[in-house]
Each structure stands twice: as C-alpha cells, then as structure tokens.
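Here the structure is laid out as structure tokens; the discussion comes afterwards.
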C-alpha cells in the first residue's frame, strides 16, 4: 500500500482475520508480506485500537514468530480494531490494513445480539432449588495450536487441566457463561487432558469425563524450497509456470511467484496473495523479452528459501498448428489429456503385451511420446517401465515381472508442451500364460442406432444409453472361439450429440458435429433415416473443416424433416441421431424469420404541427444502418423532402402546405438490407379537421407574431381584495411610434395612468367597480407594420364555471368571480332547493370567489348543484352535475382476453367518452405502467385511447387495467394478456367476463362517498 517508512523494512502483512472472539480475548491471524527483496522477517507486532478512538496500543512485547497471536486483557463489551506489523533487522514495516471491528463479548451474548438466539438461559435458572448442577458433557478440543487449545462442551463452569499427572484449575477468578473457552500459555508439543465442572449458587458439580489426549502443535520451521520450476509459453504476454511442491511442507499456506528479466536482478512479485496450486499463469509480460522465474513456499512462520531459477524463456506467441490441411492458432496450448482403456493383449507368464487408446484431447499439438508405469498390486508401489519414450500405442513389458503376481498399468501421453496426466490405472492383470489364441484386431463402432430404445421401460436407460451396432474384425483362426463371446449387440455410453442451429446471417439451417478422435483417414458420413445422403441437388451442402463437419440446408422446407445421424470412419466414435421433429420445425420458423426480418419500430407513424402550419410526419425505428432506404406516401402518391437520423433511428418528412386536399392515409415504407417495415397514419374526418385547424392557427400566429406588434398576453381581469377590478395585458415587438389604445363598447377611453410600453405591461384600473363599468373592453397596439387587437367582455356573466376541490373534511364547490358589485346577491341550490348554511353545508368565500363546502359527503349529496348571482337587472347561474351521468365511460373495443406470440407488437385500442373529456390511465397487475420505448400510451381526439406494447415477451403476460375518469367519476376495464413462445401451442385461455367497475366523482379527487349498508 506504499513505500516502507524505513528502506529495506518488510512490507505490510495481509489478510488479517479474527477468530474465536470471547469476553476478554480474541485470536488474530494473518499472512506474511508478499515482497521478497527485504531481509528475513524476525517476527510480528499486533496492535489494537478501541472503536471510537485513534489510540493504537501494541499487544505483544516481543515479536510473535508465527502468523497467529492470542490477544488477551480485553474489556468485555468494548469493540476493537486490530492490525499487524512485520519486523526485520532494518526495523518495523508498514502496518497491515486494519481488521473489521470485533466486540469482546461472551459468544452466547454475541449470538443473542445478532439475532441468532431467541432466548439465553443461564443454568442457575434451570437447576432445582438447593441442588448443585450436573457435570457438563461432550467436552472436546475444537481448535488446537502451539500454545493454546479451544475447548467446547454441551451444558457457569470451572476448567481443570492435567499436565504431569495432576489436575490444575485454569479459570480461578471469573466463571465462564458460554460453552466455549480458550486455554492459553500451554507448551508446544505437549500432551494435555481437560475436564469441566459446572457451578451455581448451591455448589459445584462433579467433573466431566476428561477429554481424549490433546497434543499441542510444534512447528518445525518454514517449508523447504519448492522443486524444479518449469516455464512454458502460453500467449504473447503470459507464461505458464509449474513446479514441484516442497518435500517438507510444514503446514504449507501457499506460494509466491517472482519473475525477472534475464541478466537483471530486479525481481517482481507476480501474485499478491499466496497461491495454493503448483501451476500459475504470469500475465503482463513483454513480448520478445526473456524471463526467468522462481517460487517460494510460505507457512505461518514465514517464507522458504527460493527455488532454483527456471530456464530462460522468451515470451512470444505460440506457433501455428497444422492439422489436416487446416491452419489455425491455438491461443491456449495445453498438455494432452490422459490416455484411456489400457488393455492386456497377451501374456506368456514372463512378459505382458499392453495397448491403450490415444488421449481424446491432444492439447493443440500432436501426442508423440508415451510413458508406462506398473504397480505390483500386493506391494502397492508404482515403478517406471520405460525410460526412453514409446512412439506406438503398443508395448511388450519384459523383465521385472513375477509369474503369478497381479499387476496394474498406467500410461502418460506427451506433446511438445510437456507430459500430461496419467491414465486411470488398468484393471488388475495376472501374470500367467494364456491358454487361448490371441484376439484379433480392435473392435470398431461403425454406426449408432436407437431402434431398440423404445423396447425398454426404464426412463433412465432411454436417456443415457444408445444401442450400438458393433462389427468385429477377427482372425479367421479365432472366429469360432471368439464368436460367442464378442459377436453381439452392446450398449455404448457417451455418444456425442449433433448440434442444430440457424445461421444468423443467411438463415441456413445447419447440423454440426465435432469428433475428438479424428485420424488422417477419417471421413464424415451424413445420413438421413440411417441412409447415406447422396442427393445434393436440393440445396444440401456438407462442409468439413478439421474435426468439425456441418450439414447445411440452403433451401429448408418440411420435406427436410427426418432423423439425421453422422458417423466418422476410422474411429470408435459415433453420434446420437437427431430425430426431434419439433426441434427442426422450430429451426424452420427461425430460418424464415431471419430471411424475412422485420425492422422493429419504437414508435409508429405520428405527426407534429410546426410553426407556419407545416406538418412533420415521423417515426422511430430500432437499430437501422446507414444503408436504410425509405419512402413516404400520401394517398398512394410518393412524397419528397424526407430526412433520416441514423443515430436515433428517426425518419421524418415535412409538408410545407397542409390543406383541405391533404385528407387521407399517410404511409412510410422502410427497407434496411433484407429487413422491412411499414407504418400508416389515417387522417380523415374529425381527426383531419382537428389537425387542419391547428395548422391554420399556427400559420396565423406565425404571421401575427413575427411580422408586427402583437399581444403576448391577451386581456384578462384581475380582482383585488377590496372588490376592485383591473384589466391587464402585455405587448411585444414594439417600435418608438407604436401606439397603444383602450376602448369600451368601441369608444376610446383614456386611463388616468398611460400604458407603460417600455415594460410591455398595460393596465386599466376600474376602481369602485359597479354596474356602469360593465361592457366590452378592447385594447389595440398599432404602428406602420400593422395592428393587433385583444378584447374581453365583462358585460355578460360575472363568474367562472363551477369547479370542485378536495378538503380535509370533504369536498368544496368553488366559483371564481370575474367581478363583484355591492348590488349582487348569491345563492346555492341543490336540485332546485335552496341550501341553508349549516355545519355540513358551509357557505363562504370572498369578493373574488364564492364557495360551498360539503362535509363528509354521502349518496344523498349527489345531484345537480346551482350557484346563482342576482343583480338588480338579471340573474346569472352556474351549474355542476354531481349525479354521474357525464362521467368518463368506456364505450367498447377492448377484448376480455388476448393471446399473442412473443416479439410481436400488441395494440389495445378502444373508444372513451365523458364531458369534460376524461383522463385515461393504464396499470399492469394493479401497478401503474411507466412510459418507455416499449410501452406507448395515447389518447387521440379525446376519445380514442390506446396502449401499444412493442416486442412483447413472456414477462408482459398479466392483467392490464384501463381507467377512465373525469370530475363526475369514471370506470375501469380489465384485459388478460397471455404471451406464448414461437412454436409453442397457443394457450387455451377461456375469457371470463369481468364487469366494468364504476367509480364515483370523489375517486377522481382521491376521496370516496360514504354509503349506507
């Protein structure tokens, strides 16, 4: 973690851990530093720090010699951190990383605090009154070290130990409450026995049965140096290192590996934690550089001596491998696998002829050499048979054999990488002369069939065993002898399977097979219905490369369905037949999808009205390339002025003139390679009229705003607390000669305060507003570029429409007053009956707003509410219907159940109504749907509601609910969606008619009416 405080001092110890924490001690362990350039480590200091402080206290006066130390004298209930520092002749090195905090607690209390024990009961509470407890049981040593032993037992106790034949009391001051205790200050390599006594307020029990003899550990020293180190090339930046383990491991923890450029003394550590295996790949080397390597073993006492350095090795890429006219590069060359099937071919009582089969995996290089070991079964010792390597897979073992003895053999294979693993030992062979003729040649598997598999009723047999037709090549003089023994049907386990798939680019279906037992003369023979395929006129192609063979179907159709198999000549391998019609049908469907792909669309064709009344038609596709082509059509006539953004997939077209002649259907066609897509948008009837009206409005607004003075905020009425009324507007794009004027009933009026054109805000105050101030007000802004007009009528109704709001106790009807005069009077009515103020019906308000609060509304409060404003000349009224007749409704169009194949697009569309136009929301399984690229929710013209789910998957199955609400209430409808996989049977989901759920108007407001039972 940084340079040492003093040069050449040790690095920081690693992997600090806490074991066996108790009320007054813990045991700390660690691993030595991984640096090797400093002098030898003398020992270690352990430090502790109480949590919440920064005071580190050294725990041991003299350095600990091993990587484990018991820290005693802790305070019960306090938490501590621990760290370790290594010491050598140059000084003390950097401390390790501190441990996790640990509390000094009785183990039973610790478990209770962490929720592992529900109840903690001390044995004082369980003993009968006036009686001493019984002795503990199952006393044993759960951990043994050099100077301490951790005891555990089943059952407040005292511990005794015996050393030289006499029992000694261990804990004389503090009784132990947990069934676990560490006994310290023992001698290394000595024998001890322990027993435990229980104690309560009434006395001490009899001692427990003594433990078996416990011998403390005695470390002999660090491990001896590892054996020979062998380095082999792996890649152009890494090397595989292998070595022999030390002869004296002495509680070995692992190994550290160092590398050094040849000729320098700059050793670099390759691993930062002890490596437990005797193989290690050193990465990050420089290509072309030559390196040497060494290994050190490590235990609790420290590092061993360095091993001998490996032979120098240049780092470079592994050579190319030539195999059956195919050149390939193996980036990870390996040792060969083990040979197998070691057999005895002949024995004359003095010699034995054995053979074996070559390794299945050569490791990327040819297996050229074999080595044989033999073992006398009675003596159980293995010895080498041959010193020079054997080139053939046949060997006659001569000498060292005893007639009548039983032997086993094992064989190693070697390639240019090195020696592989040994084969499984052969069966025991007795060295005695054969009295029967030699057998003929090896048995060869010519084909694999499964015609008899259906005759077995054992499912496990059907799954794992395949019938093999075996042909025997026997010498003529041995045929009669061997026929009854060998000529039969046998069962062959482990036949390899044919892999079936579809090429993602061409859509060709392929059957692929790989053999690990290829020879120079081997050939693949593909069969359909166990007959060799010879007709390749219908687009069937066989491609073979090395150990792989592929059967391609260029024009797959249902005629190609059948049972396919493949055999490999000059080997003893064969394939399991592929006869799954369902699997091949899936491949046919997948092939069709690849050859006729569809471009997925994130959004369907839509429109947006731009300034000047221009129409932008657009959609967004997923994953299109720069080679995409597209066309826009309006009523089958191709349009131009199209653009595409390949980074976002947005394709758009802008119409400069959207007129009455534009009504109809708009379509876009997209093609990207073989993939195609099409989307249409219908603009006819009301939908077209709404779009045209908006376009014309945008054209007028562009001309008004861009070319002359205009109103940015039109005339509005502001009512003050004292019932005063002010007309306000705002203008922009002015010149010095721009003129602002006020009019009432088309007669110009001059306000007391002129308009402030510098700020653009113009006000006309009507103080002491009364009946004489009622009328039609108009404001104009004029200069040589043109004129803009804004007007407001305050001669008609004097109040806004009724609205409804939630309160803490119920609902409130509100009417915002446009103006208010002293002559006016107001009334509230329900169903033509005047409402009187009460605790439930609270009438209130101010000059700007009149209110009626209904406390805890019930069904009786439903109906028509009227707010009346009466002045000397006329009565004005505002009406709000709370009966529910104008609530949001679903008219129709939604199914009860939908079944759809995955990866398709689902569109749920229906018609809704309500006055005012309702709000529409969607949920799935009672959870509100979140808008995304996959889920698109739309409400066109205020009455066509839709939910579009793109690329549906199995996770999209469930119950979808559409809710329609306005201020008068609404309803909700459920739809069940079931998604199935391509090729699966369409699920039979029977629709269950679900009634529409009606919601009162207070649902819209987040409240509910109370109903009587």
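Heads up, the Cβ atoms here are built off N, Cα and C, so glycines get one too.
Keep in mind that TrEMBL annotations are predicted by a computer and have not been checked by a curator.
According to TrEMBL:
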DOMAIN    12-107  domain 'Fibronectin type-III'
DOMAIN    135-219  domain 'Fibronectin type-III'
DOMAIN    225-318  domain 'Fibronectin type-III'
DOMAIN    338-438  domain 'Fibronectin type-III'
DOMAIN    493-583  domain 'Ig-like'
DOMAIN    709-795  domain 'Ig-like'
DOMAIN    796-866  domain 'Ig-like'
DOMAIN    872-978  domain 'Ig-like'
Helix-strand-coil residue split for the domain 'Ig-like' (709-795), DSSP-based: 3 helix, 49 strand, 35 coil
Maximum Cβ pairs under 8 Å to the domain 'Fibronectin type-III' (225-318) - stretch from the list 12-107, 135-219, 796-866, 872-978: 12-107
Across the domain 'Fibronectin type-III' (12-107), average pLDDT on the 0 to 100 scale: 87
Whether the domain 'Ig-like' (796-866) meets the domain 'Ig-like' (872-978): three or more C-beta pairs under 8 angstroms: yes
